[in-house]
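K.L.:
Dropping a structure here in structure tokens format, bear with me for questions.
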Amino acid sequence: MASAEVEAGTAGVDGDDAFQTYYNEVKQIEKRDSVLTPKQQIERLIRPGSSYFNLNPFEVLQLDPEVTEDEIKKRFRQLSILVHPDKNQDDPDRAQKAFEAVDKAYKLLLDPEQKKRAIDVIHAGKEYVEHTMKEKKKQLKKDGKSTVVEEDDPEMFRQAVYKQTMKLFAELEIKRKEREAKDMHERKRQREEEIEAHEKAKRDREWQKNFEETRDGRVDSWRTFQAKGKKKEKNRSFLKPPKVKMEQR
């Protein structure tokens with residue numbers, strides 16, 4: 001299910017217009033969120049496509065990758081209070097989903113390995129955009145055109161990095177789901193083989209048990225059969241040919 005959501009999100013992000021619209025809306029919400037209102041945060045965290053964008057824990061908590069652990073904890077306390085269902089009893093279901101997103105991001109960033117993984121993805125997104133810019137400039141220079149590209153604008157550069165980073169997070173999530181499905185299929189196959197082996201062993205034991213229990217009966221039947229055969233042979237009478245008398249002259 002989550003994999004299908006990620007794939008749907010990826011398809012949507014691939015459309016530049018759709019992404020630009022979403023990006024602008026997100027930034028407008030983040031700008032309004034400077035006052036940290038609960039409803040705005042809940043909307044930001046569970047809006048359509050959020051399962052895709054929430055893959056980046058830094059985006060969920062609205063933090064830079066360079067933040068300290070104390071800053072992460074402080075931000076988590078702020079957001080968790082704002083979106084907690086008990087504080088939003090007029091919208092508990094949506095608040096619960098938002099709280100779960102915040103809690104998940106917080107736990108990921110407290111795990112050194114998961115935090116490093118997230119930072120690596122963000123750096124990879126930035127490096128990809130920088131490489132793409134160099135290639136564009138190289139081609140423009142080769143064509144004798146101005147080497148100015150739209151990513152030279154700091155805001156456009158941030159948008160490009162934002163977009164590429166989310167794509168990388170989505171690709172990793174899709175691969176993770178595929179591995180999970182493959183592992184589940186393998187475990188199911190192994191379990192079926194174990195059940196079949198168990199059933200076969202059970203059938204073999206039952207056959208052996210029945211064989212042992214009926215062995216005496218089979219032996220008695222054979223002995224009875226042999227005894228009857230010998231008795232018939234003993235009682236059998238054979239006709240003797242008549243003696244031929246020699247004729248005297």
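Heads up, the Cβ atoms here are built off N, Cα and C, so glycines get one too.
TrEMBL lists these features:
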type	residues	note
COMPBIAS	177-221	compositional bias 'Basic and acidic residues'
DOMAIN	56-123	domain 'J'
REGION	177-249	region 'Disordered'
K.L.:
Over the span of the domain 'J' (56-123), how high is the average pLDDT in this prediction?
P.N.:
95
K.L.:
Mind checking how the compositional bias 'Basic and acidic residues' (177-221) divides into helix, strand and coil residues in DSSP?
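P.N.:
Secondary-structure breakdown of the compositional bias 'Basic and acidic residues' (177-221): 44 helix, 0 strand, 1 coil.
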